[in-house]
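Per TrEMBL, the features are:
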| type | residues | note |
| --- | --- | --- |
| ACT_SITE | 2 | active site, for GATase activity |
| BINDING | 100 | L-glutamine binding site |
| BINDING | 292, 366, 367 | ATP binding site |
| DOMAIN | 2-213 | domain 'Glutamine amidotransferase type-2' |
| SITE | 368 | site 'Important for beta-aspartyl-AMP intermediate formation' |
């Protein structure tokens, strides 16, 4: 993985100077600590921060084709680069590096925009066609890696992170009130946005061509078909497991390609355990695994992690995460994540990636994607029960099925509670709503908006988020099963903009660690999309095909284990007697009024309650609200107050690092 940045000048504008490019890329030097590269001509300036993983020698970017007419700054990995290179060499292309980056340049030269769909990888691309004077911004199928852009007068700037846009000086850091409100409903902004005014995100599976006049031409190069393959309609569970295991082995084999050691995350759950077991089948050399150990037993899965590590034979490392550790990590998480959070879950993952770095590993495999593609989340079961209940809305027996999903409801007596049933009954008969399954979650989280300032709250527009997701719904989506539709909504509205960002790329790259996801391999996902629902979820039993694979590889305690959502302590780690000083500071009346983003009186009242109870709140909504406003205050201080000082420090770090100016053609025509 790496960091990318660049500025495209309009036909009558001055090109970006080298100093501006240095300021931009310095802001994201954590993404590539091994050196910096630059390319400039009369229209474009490209910058790159390198994290060396493939092609360690001679792989500095930007990289070009034989004629030096195509230049690329690239973040990510192309896992099928060996196969693509072989094909391109047979077609006459000549390479000057061993990198996967150069393969992209030649693939584009050979196939044009059709090249994007041929890439099996996780990537963010800035590619300059010096002949056509066109810039391409391209992002991988599922949005694993970030890529932002902003128009500023007669220039368009792009970068891996928004802070690089601000560091260049052309883009002013300002919050977008409507998008902030989205975070306090959907946990993140819509896939094509950011919390900053004027800063857009390239959507997943999208290529944007910016022409010589800075006009944008956006096209999707891939979309899923989850209607199910009729040829697989009679497949047995064992046959489905055979195919899934085969595709996962292929995906892991590709993701073990690197010129540095590859480790694996083990959470103690099913998904990461399967990845670890299959990786050990392919790689019999010493493999390191990593996990988080929580001081609070309510969140800890250490026994399961160690059981799996011992069973598959990895050298396991874990890091103890206490309340104090979450307190210390959270400011770094917000600086790198560039968004408020309504949960603290990314903080332990930041600490975990630091452990990986300190262990001398640069690449790890992870199990994200299995729950989405193979129906592992409770939301899929809730959707099924509510649709079943909706056919007999007055039934008293059907709603009790929800207690099988949430056992605490049965043990606490809630399953017979009118309030419990009323909660799940909201909108229950509106089964034609495209976001039927997710509406309850979103409405529940929207309660947190009451702590936002009135003007921010009034900017909230739930319909805008719906439309932003709906505009990218695949063709034929309406013909899919309810389960498939809910799965894709989870992928498009949660996994891509939140899970792979706040809990994925940002906290890993903060410590210069690359995370690779075998469950997000195109062939794995295409198989999952083609399989019938009954080998994913039958009744309320989830991930059946994957559990069958796991039964061949892992102890019964693991493959029979119910899904346990990954969570971390929230207000109990941040409020009360052990509260860090920054909580009092950021939630003081002066700080709250300074930024004007939250309702100072409402925040003060809820924070006082949290301090009195040592963070033990009446419900999760109150916890999410407090974490949300605290991290929003952190972010505001980061970008509105501290940015110049941080930029100066980071620029000094760049000046002490190897710099490669690949080429400059400042005399080239600006037309």
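In case you wondered, yes, glycine gets a Cβ from its N, Cα and C as well.
The structure, with features from TrEMBL marked on it.
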residue: 2; record: active site, for GATase activity; CB count, 10 Å: 30
residue: 100; record: L-glutamine binding site; CB count, 10 Å: 25
residue: 292; record: ATP binding site; CB count, 10 Å: 26
residue: 366; record: ATP binding site; CB count, 10 Å: 24
residue: 367; record: ATP binding site; CB count, 10 Å: 22
residue: 368; record: site 'Important for beta-aspartyl-AMP intermediate formation'; CB count, 10 Å: 22
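Calculated from their C-alpha atoms, the gap between residue 368 (site 'Important for beta-aspartyl-AMP intermediate formation') and residue 292 (ATP binding site) amounts to 16 Å. For the binding site of ATP, formed by 292, 366, 367 according to the record, the largest Cα to Cα distance is 14 Å, rounded to a whole number. Listed in chain order, the extra residues whose Cβ falls within 8 Å of the Cβ center of the ATP site residues 292, 366, 367 are 265, 266, 267, 271, 272, 291, 349, 352, 368, 566. Distance between Cα atoms for residue 292 (ATP binding site) and residue 100 (L-glutamine binding site): 32 Å, as a whole number. Across the structure, residue 100 (L-glutamine binding site) and residue 2 (active site, for GATase activity) are spaced 13 Å apart at their Cα atoms. Across the structure, residue 2 (active site, for GATase activity) and residue 366 (ATP binding site) place their CA atoms 19 angstrom apart.
Summarising model confidence by region, the domain 'Glutamine amidotransferase type-2' (2-213) averages a pLDDT of 95.
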